[in-house]
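All remarks here apply to the structure that follows.
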Amino acid sequence: MPETTTLTPVAPPAEPPPAGPAAPSRMALLRRHPLLWPALALLALLVLNTVANPGFLSLRMQDGHLYGNLVDIARNGAPVMLVALGMTLVIATRGIDLSVGAVAAIAGAVACVYIAGAPDEGGAATAIVACSLALAACVALGLWNGFLVSVLGIQPIIATLVLMTAGRGLAMLVTDGQITTVNNDTFAGLGVGFVATLPIAVLVALGVFGLTALLVRRTALGMLIEAVGINPEASRLAGVRSRTIIWTVYVFAALCAGLAGLMIAGNTSAADANNAGLWIELDAILAVVIGGTSLAGGRFSLAGTLLGALFIQTLATTIPNLGIPAQTNYLFKAVVVILVCLLQSPRVRHALRVRRRPAPGSPPGSTPGPTTGTTTGPTDAKAGAA
């Protein structure tokens, strides 16, 4: 009996799945990093200063203390760093705090008036009590701002404008309109003291930065702040205590401003209610925006804020270093504000994205060129005739 052969149909080989979009290169990821542009801007200023003054980056050790232009920038920029850290969390909740300069003046006034009237003016305990009273007053001022914004529903710019204008008057009342000078080495150490070769002001600013980063990135606090900033109503319906979060960030901003005010007063061993912390709120807002935090609220970057504050202080140092009158400092800051606003403009950012986007069908990395004409094929010609 002949054998029969059964043919089994063989399925054709499966087509490979369509290739997905290529993973972005390291250079593309670097360009998208939020800290890239603040770091490059700061680096550009440092290079400019080094070209103008070859010894700009030099450091020296004297009497166990570290001195140099970089140390001066960090020490003089410490108050702006502190105020900007508090401002970052406020802006992340879609708020703004214009009263931080006045709060800094009040903190310095309270501390100096207490020290000047204490029996032991030069004692360390006197300085500690004075700083504690000043920070307690700042907590009360932060609670006031939080009450106006979260409970009464007043717009943050209006609510904090009240304390911005009245705060200087309160500081003048505390000091009786006079510049109050003190003689206390412990208090002066906040502004000009050194610990382990580094300025105390820098160590305090870095300590507050580290503690804040730990709280907002290792706990749920940072996520809650971003949720309130992205959509306050949705976060409230999701069970987030929006009022408590808003109250917290305004109190924290006032505490940071109070610490900055104590540094400013300690630097001169005096309280000047008119000039202490003047316009520091604008420097802080500019540092926050340079650091990549959007004024629309939501995601924020503490490290970017730190770089932004260093950029602001380096800019203030660069102007006289280049032989430009120091009075033009605000003009250069205005130019920076315009550039930052342009970069944050949705229309400008969309135009930049369109310019960088490759043309359809072009290989990755190619740039679209201008189209000089069109070619009509047979199919297109028939379609046109129809």
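Note: Cβ is positioned from N, Cα and C throughout, glycine not excepted.
Taken verbatim from TrEMBL:
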{"type": "REGION", "residues": "1-23", "note": "region 'Disordered'"}
{"type": "COMPBIAS", "residues": "10-21", "note": "compositional bias 'Pro residues'"}
{"type": "TRANSMEM", "residues": "35-53", "note": "transmembrane segment"}
{"type": "TRANSMEM", "residues": "73-91", "note": "transmembrane segment"}
{"type": "TRANSMEM", "residues": "98-117", "note": "transmembrane segment"}
{"type": "TRANSMEM", "residues": "123-144", "note": "transmembrane segment"}
{"type": "TRANSMEM", "residues": "156-175", "note": "transmembrane segment"}
{"type": "TRANSMEM", "residues": "187-216", "note": "transmembrane segment"}
{"type": "TRANSMEM", "residues": "245-264", "note": "transmembrane segment"}
{"type": "TRANSMEM", "residues": "276-295", "note": "transmembrane segment"}
{"type": "TRANSMEM", "residues": "302-324", "note": "transmembrane segment"}
{"type": "TRANSMEM", "residues": "330-348", "note": "transmembrane segment"}
{"type": "REGION", "residues": "353-386", "note": "region 'Disordered'"}
{"type": "COMPBIAS", "residues": "368-379", "note": "compositional bias 'Low complexity'"}
Contact between the transmembrane segment (330-348) and the transmembrane segment (276-295) (3 or more Cβ pairs under 8 Å, separation 6+): yes
Positions on the same chain near the transmembrane segment (73-91), where near means CB under 8 A and six or more residues out: 97, 100, 104, 156, 199, 201-202, 204-205, 208-209, 212, 216, 225, 249-250, 252-257, 259-261, 263-264, 277, 280-281, 283-285, 287-288, 291, 293-295, 297, 300-302, 305-306, 308-310, 312-314, 316-317
Contact check, the transmembrane segment (156-175) vs the transmembrane segment (98-117), 3+ Cβ pairs under 8 Å, seq sep 6+: yes
For the transmembrane segment (187-216), sequence-distant contacts whose Cβ falls under 8 Å of one of its Cβ atoms, 6 or more beyond its ends: 61, 64-66, 71, 74-75, 78-79, 81-82, 85, 89, 111, 115, 127, 130-131, 222, 225, 252, 256, 259, 262-269, 302-303, 306
Within-chain partners of the transmembrane segment (276-295) [C-beta distance under 8 Å, separation at least 6 from its ends]: 34-35, 37-38, 41, 79-81, 83-84, 86-88, 91-92, 96-105, 108-109, 164, 171, 257, 260-261, 264-265, 301, 303-309, 311-312, 333, 336-337, 340, 344
Interface present between the transmembrane segment (35-53) and the transmembrane segment (98-117) (three or more C-beta pairs under 8 A): no
For the transmembrane segment (35-53), sequence-distant contacts whose Cβ falls under 8 Å of one of its Cβ atoms, 6 or more beyond its ends: 69, 290-292, 301, 303-304, 307-308, 310-311, 314-315, 317-318, 321-322
Tertiary contacts of the transmembrane segment (123-144), as residues 6+ beyond its ends and Cβ separation under 8 Å: 99, 103, 106-108, 110-112, 114-115, 163, 167, 184, 186-187, 190, 247, 250-255, 257-259, 261-262
